[in-house]
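Structure first, commentary second.
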Amino acid sequence: MEHIRMPKVENVRLLDRLSSRRAVVGTLYLTATHVIFVENGSETRKETWVLHSQISSIEKQATTATGCPLLIRCKNFQVIQLVIPQERDCHDVYISLIRLARPVKYEELYCFSFNPKLDKEEREQGWKLVDLNEEYNRMGVPNNYWQISDVNRDYGVCDSYPTEIYVPKSATAHIIVGSSKFRSRRRFPALSYYCKGNNASICRSSQPLSGFSARCLEDEQMLQAIRKANPGSDFLYVVDTRPKLNAMANRAAGKGYENEDNYSNIKFQFIGIENIHVMRNSLQKMLEVCELKSPSMSDFLWGLENSGWLKHIKAIMDAGIFIAKAVAEEGVSVLVHCSDGWDRTAQVCSVASLLLDPYYRTMKGFMVLIEKDWVSFGHKFNHRYGNLDGDPKEISPVIDQFIECVWQLMEQFPCAFEFNERFLIHIQHHIYSCQFGNFLCNSQKERRELKIKERTYSLWAHLWKNRADYLNPLYRSDHSQTQGTLHPQIAPCNFLYKFWSGMYNRFEKGLHPRQSVTDYLMAVKEETQQLEEELEVLQERLANLQKSQSGDNKVKSKQQDRSKQIGLYTSNNSLANTPQEYSNDLKSFPSRSPSQGDEEDSALILTQDNLKSSDPDLSANSDQESGVEDLSCRSPSGGGCLPSEDSGKDSDEAVFLAG
Amino acid sequence: MEFAELIKTPRADNVVLHRPFHPAVEGTLCLTGHHLIVSSRRQDNAEELWLLHSNIDSIEKRFVGSLGTIVIKCKDLRIIQLDIPGMEECLNIASSIEALSTLDSVTLMYPFFYRPMFEVLEDGWSSFLLEQEFELLSSVTNEWRLSCVNKEFSVCPSYPPVVIVPKCIDDEALRKVALFRQGGRFPVLSYYHKKNGMAMMRSSQPLTGTNGRRCKEDEKLINATLRSGRRGFVIDTRPLNVAQQARAKGGGFEQEVHYPQWRRIHKYIERFNILQESFIKLVEACNDQSHNMDRWLSKLEASNWLTHIKELLTAACLAAQCIDREGASVLVHGSEGTDSTLQVTSLAQIILDPRCRTIRGFEALVVREWLQAGHPFQQRCAQSAYSNSKQKWEAPVFLLFLECVWQIHRQFPCSFEFNEQFLILLFEHAYASQFGTFLGNNENERAKLKLPQKTMSLWSWVNRPEELSRFQNPLYEANSLVIWPSVAPQSLQLWEGVFLRWNRPSRFLEEAEEERINIIKYNKELQAKVNALRRQLAEMETDEEVQEE
């Protein structure tokens with residue numbers, strides 16, 4: 001609170017990026033956790049909520065006649081343009097936000113004050129939803145070839161690894177420790193995925209400290225042990241996910257890559273995925289393209305190409321495809337590494353797992369996958385996503401890229417995933433929101449020290465509770481696409497990599513399809529379920545009536561009046577269905593009937609603006625009027641009462657009134 | 001002419017057919033007057049490919065030893081390869097295909113030989129008469145009339161025999177206006193917006209020339225669509241400088257002095273040769289099997305295809321906006337009024353008129369705004385993206401229209417009664433068909449060819465219930481509103497269904513569509529069951545009550 005110089009500013013204008021004509025006036029509040037903009041106007045009082053942890057940059061622009069513009073860019077790709085009447089107020093807001101957006105202690109983060117009003121037991125249950133021990137058992141380990149090793153029980157060998165790690169049975173503690181000394185940050189080869197069907201596995205590590213000629217017997221033994229744990233294959237792929245040039249440059253620093261001559265029976269392969277700095281710049285360039293005001297098609301496509309973003313997505317996907325193919329088709333085990341083995345390695349291992357194992361394409365399995373390949377193996381969430389103030393050069397959209405790979409796969413295999421696009425978007429949102437403890441810190445060790453599980457809540461439990469909102473209506477567990485390995489195409493003309501406007505222009509609803517097929521089908525399925533229930537009741541009644549004409553057993557149907565039809569799911573969303581600025585020529589021409597038409601056109605069914613109730617938008621940027629009321633009838637699981645976010649807002653409200 | 005003269009080798013055995021994402025098939029190749037047929041003889045997996053010669057855009061042949069290979073590129077963008085043993089056979093077959101796929105005379109085309117195997121329930125040739133359209137119009141307004149001034153095609157050779165014009169303009173005036181508009185294409189009604197009584201008219205450019213010729217009747221005609229004291233918009237699909245240059249060749253545009261109540265907006269839409277080039281480049285990009293993402297994106301960008309889509313959609317949205325939001329009447333024209341004009345007027349109707357988003361209504365739109373309005377299909381669709389010849393009349397004008405409809409469909413997936421397959425079907429049949437619907441360049445030519453008597457209409461076939469069911473959108477819920485699409489680049493996508501159709505494994509997408517259909521179907525079945533049971537129960541309960549009394 002001491003950082004808030006200006007808790008409330010009135011007569012602030014919120015600009016619409018797409019249309020300069022649409023601006024709303026309201027009041028801006030700064031609280032300990034959120035920036036809140038409340039529209040003036042007695043009826044709607046639309047609110048926009050932005051978590052401090054979502055703010056990636058704040059830009060104060062030159063003062064104009066109308067006031068001082070403030071541009072807030074968010075990590076969930078929301079861009080907010082405010083105009084504050086007084087320069088001094090603007091400056092105060094700016095200074096306050098700069099500090100608030102860059103907390104220095106974990107304790108300042110939202111998850112430590114966020115209270116979804118669950119009791120202790122519920123919280124603990126929430127953390128137990130994803131259990132990695134269970135997951136390794138599901139994969140089929142321990143078994144004759146793999147065992148759990150306690151060599152890292154006190155994080156003594158590698159502080160960025162978890163305590164429980166699966167290694168080949170023949171790899172003794174001596175070999176593991178020896179190998180760890182020959183690997184960057186001591187991240188020795190460990191099991192990521194085991195393929196029950198053919199014993200092939202995916203292992204992961206960091207780069208070897210081979211320099212120009214160094215060798216390590218234990219490391220060589222370690223790789224041999226991995227190969228032998230797959231008796232059906234006489235060699236092992238070692239995949240270095242870096243461009244060859246980068247890997248070679250590392251040799252000069254005493255690091256590098258495996259020399260095929262020193263390791264018996266390995267096949268070494270480079271897959272050129274660029275480093276975090278290239279990726280950060282690439283995203284930056286792409287976002288600049290997204291921010292262009294009415295770009296031409298060429299501007300857009302050229303900018304997209306120039307950003308290189310889709311090229312990088314493809315590189316990650318190609319690496320995953322290569323590994324999945326090696327494991328599934330050739331039955332060969334693969335060791336994957338990059339430099340430290342916590343960015344590209346995590347991306348590639350998780351893409352490969354997703355392609356190989358249908359379980360990871362279920363909602364629960366996907367949570368497990370992120371927990372396994374990202375959280376437990378020490379992906380540096382805090383550094384990469386800038387949760388605490390730190391080195392800006394450490395920030396990079398590593399998991400964002402993985403999430404996009406999943407979306408690209410969903411576009412190609414529409415029935416293969418149990419979850420929908422919204423699930424991915426919400427996970428991305430919460431990686432940055434710091435509302436839940438899952439992604440705090442840089443390693444399991446740090447999280448244990450902070451007692452995350454005792455002090456914060458788990459995102460997975462929250463998502464699971466609202467799972468009805470995240471279902472893909474086309475998914476069927478018995479469907480052919482659901483079974484076995486996915487085999488995506490490689491060439492861009494066969495596998496169309498698309499720009500993901502649902503993510504990167506997420507808050508510009510006007511750009512998205514105005515009717516959502518997913519929501520529509522989910523509503524139909526929900527109705528179908530109710531019909532099934534009603535059918536059962538009716539059949540029972542019929543049977544009773546037929547059996548005993550005397551027995552007056554009138555079970556009144558719950559839904560005698562089923563007026564609820566899909567077509568009635570309407571929303572008042574005039575924005576979704578008004579013309580854009582198609583021509584500048586019309587501007588100068590006075591609009592004759594500004595009031596006409598809006599209401600009539602607004603009754604569009606199932607627009608995207610009506611995102612389901614557990615949408616983080618509701619806390620971040622909510623159109624609460626339409627959001628909550630409309631949905632209560634559509635989504636029994638989460639509509640009536642907003643779960644955690646709503647209550648989270650209650651606590652905020654207190655702060656915001658106190659402030 | 002006998003086709004047999006062109007077929008030296010009617011049959012070849014042990015031919016291997018290669019298609020992307022299909023295993024190679026070995027079989028027998030047969031050539032008939034209109035088809036290339038490959039049938040595999042394997043009992044377990046009998047497969048036949050029937051390809052219309054008129055669907056073939058170009059062929060290439062090459063030899064390795066005595067094994068010849070023919071690569072056939074089709075107008076529907078598919079590419080197939082045939083390995084034919086025997087050099088002579090291969091050469092014969094290649095030259096036959098070449099000759100048969102480039103027949104000059106329309107009357108030799110397949111529609112004149114096609115004998116349908118289905119029962120005609122409704123003759124498509126008379127399914128969409130302008131008279132019926134006018135009857136509908138008459139029920140809401142009496143400001144328009146049906147004119148038969150063109151019944152001999154003498155006033156405007158590219159117009160249909162009957163047109164709808166303002167009631168207060170007589171045929172004599174129309175004849176004068178026709179002389180003032182290129183090709184005689186005087187302004188006629190394209191669409192009447194019931195909601196506010198505004199009209200969209202279309203025509204060709206006025207022949208003002210350099211000395212600013214005027215035509216009082218023309219002014220009177222289009223002013224007749226205005227409410228008193230209101231202005232209208234002329235949407236000219238050429239940029240201002242092109243419109244100005246047109247004056248030197250006798251063309252021109254509506255000048256303010258003579259049309260003070262009209263405001264002119266120039267919205268540039270590309271012309272045919274540029275579009276054809278763009279089409280060729282795009283298809284080239286889509287067939288580039290390179291794994292390089294940069295190359296793909298830069299080729300996609302360089303084709304400019306999506307730019308044309310964006311421009312066209314923007315112009316159509318603008319026309320719709322003028323009518324619905326500004327409450328103004330609109331006149332649309334470019335030069336000839338047979339290409340970009342029709343694109344704009346038909347797309348604006350998709351946006352404005354819910355009827356055009358039904359199957360029947362969309363068919364009527366295609367008939368009214370494209371076929372009867374005189375879009376020269378035969379010239380434009382003579383060749384597709386693989387053609388090597390540099391004829392200058394080809395252009396994917398109709399395909400662009402269909403793609404724009406698809407783009408709007410993608411943004412409003414529940415507001416169209418038809419599905420993507422229906423649009424693809426129309427694309428295919430515009431380029432090669434067993435039906436006579438898209439033959440000829442205008443109604444005049446169709447009448448001379450006696451198409452309604454001698455060929456079958458596409459609509460006769462497609463409107464049969466069993467065919468129709470394949471083209472229905474399971475998500476359709478009638479939406480009576482105006483639908484405003486987004487034209488931002490982020491909102492527009494490549495039409496995979498046409499351009500990557502043969503280059504992607506389609507199974508997964510087809511399964512998804514099936515799943516969508518099943519979800520809806522099951523819901524409807526349950527609905528019916530529940531309703532039936534409810535009725536039954538209600539009856540039994542009243543019976544019981546009666547008994548109790």
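Using the three backbone atoms N, Cα and C, a Cβ is placed for every residue, glycine included.
According to TrEMBL, the protein carries these features:
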type: ACT_SITE; residues: A:CYS338; note: active site, phosphocysteine intermediate
type: BINDING; residues: A:ASN275, A:ILE276, A:CYS338, A:SER339, A:ASP340, A:GLY341, A:TRP342, A:ASP343, A:ARG344; note: substrate binding site
type: COMPBIAS; residues: A:553-564; note: compositional bias 'Basic and acidic residues'
type: COMPBIAS; residues: A:568-596; note: compositional bias 'Polar residues'
type: DOMAIN; residues: A:126-504; note: domain 'Myotubularin phosphatase'
type: DOMAIN; residues: A:307-351; note: domain 'Tyrosine specific protein phosphatases'
type: REGION; residues: A:547-659; note: region 'Disordered'
If I take the alpha carbons of A:ASN275 (substrate binding site) and A:CYS338 (active site, phosphocysteine intermediate), what is the distance between them in whole Å? 9
Excluding A:ASN275, A:ILE276, A:CYS338, A:SER339, A:ASP340, A:GLY341, A:TRP342, A:ASP343, A:ARG344 themselves, which residues in that chain have a Cβ inside 8 Å of the centre of the Cβ atoms defining the substrate site? A:SER206, A:THR241, A:ARG242, A:THR345
Have a look around A:ASN275 (substrate binding site) and count the other CB atoms within 10 A of its CB, chains all included. 15
When you look at A:ASN275, A:ILE276, A:CYS338, A:SER339, A:ASP340, A:GLY341, A:TRP342, A:ASP343, A:ARG344, which the record names as binding substrate, what is the longest CA to CA distance in angstrom? 12
DSSP says what for the domain 'Tyrosine specific protein phosphatases' (A:307-351): how many helix, strand, coil residues? 31 helix, 5 strand, 9 coil
For A:ASN275 (substrate binding site), what is the secondary structure by DSSP, using just helix, strand and coil? coil
Taking the Cβ of A:CYS338 (active site, phosphocysteine intermediate) as the centre, how many other Cβ atoms fall within a 10 Å radius? 28
Neighbourhood of A:ASP340 (substrate binding site), C-beta criterion under 8 angstroms, separation at least six: A:SER184, A:ARG185, A:ARG187, A:SER206, A:GLN207
Cα of the residue listed as 'active site, phosphocysteine intermediate' to Cα of A:ARG344 (substrate binding site), in Å and rounded, measures 6
I want to check the contact list for A:ARG344 (substrate binding site): same chain, sequence separation of six or more, C-beta distance under 8 angstroms. What comes out? A:THR241, A:ARG242, A:ILE273, A:ASN275, A:ILE316, A:ALA319, A:CYS338, A:VAL398
Just to confirm my parser: what is the rounded mean pLDDT across the domain 'Myotubularin phosphatase' (A:126-504)? 95
Quick one: give me the count of other CB atoms within 10 A of the CB of A:TRP342 (substrate binding site). 26
